[in-house]
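Chemist: This is the structure, below, for whatever I ask next.
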Amino acid sequence: MGEVVQMHFTTVDYVIFAVLLVASAGIGLFYAFSGGRQRTTQEFLMADRSMSCLPVSLSLLATFQSAVAILGAPSEVYTFGTQYWFLGCSYFLGLLIPAHVFIPVFYRLRLSSAYEYLELRFNKTVRICGTITFIFQMVIYMGVVLYAPALALNAVTGFDLWGAVLTMGLVCTLYTALGGLKAVIWTDVFQTVVMFAGQLAVIVVGASQAGGLAEVWRKAVNGSRIAGLDLNPDPLQRHTFWTLGVGGVFLMLALYGVNQAQVQRYLSSRTEKEAVMSCYVVFPCQQIVLCLGCLMGLVMFARYGEDSPLDKGYVKTNDQMVLYFVMDVFRNLPGLPGLFVACLFSGALSTISSAFNSLATVTMEDLIKPHFPNMTETKAIFLSKGLALVYGLVCLAMAYIASIMGSVLQAAFSIFGMMGGPLLGLFCLGMFFPWANSVGAVVGLAAGLTMAFWVGIGSFVMRMSVISPGLPLNTTAPPLLDSTTTSALTSLVSTPKPRPTGVEALYSLSYMWYSAHNSTTVVVVGLLVSLLTGPMKEKDLTPGTVFPVLGTLLFFLPERYRDKLCCVTPLTQKHKDTSTQPYQMAKKLGIAAASCREDAVLEDSQMENEDLDPRGDQPESLTLQETAL
């Protein structure tokens, strides 16, 4: 076994890396001192609901395309082949459903936090449970997402570990706390461009050194790295068409349907149509990202074949292998390693800045404002910026904890993945099943989280018990899914063994099914408990909180039965944001959402003929008053 080889940066590389950080900070400062100067919580947290389609879609893409993902995809394809590419099939439904189900519901209710929906649909307890789950999930994740790439970079290049962590953490905190959501979205756009540039540079230079793309493809075919369509329905198989194409849909929904970081971007759009369009624009971008990751893995294979740097002992983990490959390819090209590292840290910055901003929003909207309904706008904006700053410092603290945890790093990714499914289940329970009540929602969420932790930890312990101490673990996650998967538990080369039975079979479930499994648990338990404790009546529902999917699916039943099943409630009309006005008034007066449900129905009928604009704007003073409180 060889020793870990370090390759060093040149001055040009450091300059390019510095330019990325300066440009990101510059965008933040620009939005801090221009426009409305972030003087209202509406502007700071929601970008004044004024963003257009393109920046929102690129920001949606960048948020979960983290540095861990940039390192994870090529090593996945290098090791296991291109089966992973079939994940692209899940993007169709994974983005169509948010565009036509979740966005219309959230946008027409004029929310600031996705968890506000849970109070409108159920009650305050469910809202707080959802908020706390999300905060726990993001706080654990953001430290790891900052520390993991810095650790890999330090191992391969000798780049100062804590210098990188502190610089990124502080720059990100600075532009998030000063520039608000506008700064986060526009830095995401800039960082997406840098990510594409970095990956393309590696592929172009690497492929030309390997003898061109045709040669890369030939070597990949000869090395059995080009995978065909695997239609094996076994859910224990790590990657098949079904696990990637169907299980992946649930992972995508957990990310693009109900995650606050993404919902906040939809809600910052100028109109509902632009929010929906941003989902459509993300689709081809994600396919490109997936193809770039796969291509980079194939170029790596063309360069090293079966004789990987990992086997030779040049590096210790798979994420380091990608960096080693990049440094190897760019050995005599000063500046290009810097570009790739800028690409890598763009991924980290875009993810943690979104985490800071979404955490500040949910803390403000869900935990603070309901208890201080008379807070002035000045205090609210000061507190929002303070929260973004505090979460930035918490992120650095979590990065330090991640460094102490060492091999438990994978478990931190797993904890993040364990929570995406139950939260998706909670929103689906409220949105698609009108008779679900608040008791069912809380018990369902608890059951989903229990199931998630049981399967996740059981799987982790089972795998650790069969790993020989010398076998390196892959601490990277697949692209775009690193926030909802437990890939670290499943990236080990599987050896032929008898099919597991009983509980072991549950622990052996492909990580791609975790989100589907956990969200289904929430829905099933939630519905059973709701039916046992007295299902919700249609008249008790807040108009606009249930998507009438059951009414459509059960079209063949007579109307009286459909009426009894409580699934004929229409969605709030697109051009008449009338039924949401009583909620806004309730928020201003500090009244619980439930108390204004009947008023909503009355006001909806009184204002039936009014023609509001597509955003359903209230008078400007009303909006300001609402955000102030």
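Glycine too: its Cβ is placed from the backbone N, Cα and C atoms.
TrEMBL entries are annotated by machine, without manual review.
Note that this is a predicted model, so its numbers are computed, not measured.
Found this in TrEMBL, in case it helps:
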| type | residues | note |
| --- | --- | --- |
| COMPBIAS | 620-629 | compositional bias 'Polar residues' |
| REGION | 603-629 | region 'Disordered' |
| TRANSMEM | 53-72 | transmembrane segment |
| TRANSMEM | 84-107 | transmembrane segment |
| TRANSMEM | 128-149 | transmembrane segment |
| TRANSMEM | 161-181 | transmembrane segment |
| TRANSMEM | 193-214 | transmembrane segment |
| TRANSMEM | 239-258 | transmembrane segment |
| TRANSMEM | 279-302 | transmembrane segment |
| TRANSMEM | 336-359 | transmembrane segment |
| TRANSMEM | 380-402 | transmembrane segment |
| TRANSMEM | 408-432 | transmembrane segment |
| TRANSMEM | 439-462 | transmembrane segment |
| TRANSMEM | 511-532 | transmembrane segment |
Chemist: Using a Cβ-Cβ cut-off of under 8 Å, list the residues of the same chain that are 6+ residues beyond the ends of the transmembrane segment (84-107) and lie near it.
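Modeler: For the transmembrane segment (84-107), the far contacts come to 73, 76-77, 114, 117, 227, 229, 239, 241, 244-249, 251-253, 255-258, 262-263, 266-267, 269, 272, 275-276, 279-280, 282-283, 286-287, 290-291, 294, 427, 431, 478, 480-481, 544-545, 547, 549, 571, 574.
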Chemist: Any chance you could find the range in 53-72, 380-402, 439-462 with the most Cβ pairs under 8 Å to the transmembrane segment (279-302)?
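Modeler: Stretch with maximum Cβ contacts: 53-72.
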Chemist: Ranking 161-181, 239-258, 336-359, 439-462, 511-532 by the number of C-beta pairs under 8 Å to the transmembrane segment (193-214), which range is first?
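Modeler: Result: 336-359.
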Chemist: So, does the transmembrane segment (439-462) come close enough to the transmembrane segment (380-402) to give 3+ Cβ pairs below 8 Å, pairs being at least 6 apart in sequence?
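Modeler: Answer no, regions not in contact.
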Chemist: Would you kindly list the residues that approach the transmembrane segment (511-532) from elsewhere in its chain, counting only those six or more residues past its ends and only Cβ-Cβ distances under 8 Å?
Modeler: 235, 238-239, 243-244, 246-251, 253-254, 417-418, 420-422, 424-426, 428-429, 433, 435-437, 439-441, 443-445, 447-449, 451-452, 455-456, 484-487, 489-490
Chemist: Tally Cβ pairs under 8 Å between the transmembrane segment (161-181) and each listed stretch (53-72, 128-149, 336-359, 439-462), then give the stretch with the top tally.
Modeler: 336-359
Chemist: Select the range from 53-72, 128-149, 336-359 that forms the most Cβ-Cβ pairs under 8 Å with the transmembrane segment (439-462).
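Modeler: By the under-8 Å Cβ criterion, the transmembrane segment (439-462) pairs most with 128-149.
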Chemist: Quickly jot the same-chain residues contacting the transmembrane segment (128-149) by Cβ under 8 Å, restricted to those at least six beyond its ends, or write none.
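Modeler: Cβ under 8 Å, 6 or more out: 66-68, 71, 113-115, 118, 165, 168-169, 259-261, 319, 344-345, 347-348, 351-352, 355-356, 358-359, 362-363, 366-367, 391, 394-403, 409, 412-413, 415-416, 419-420, 422-423, 426, 442, 445, 449, 475-476, 482-483.
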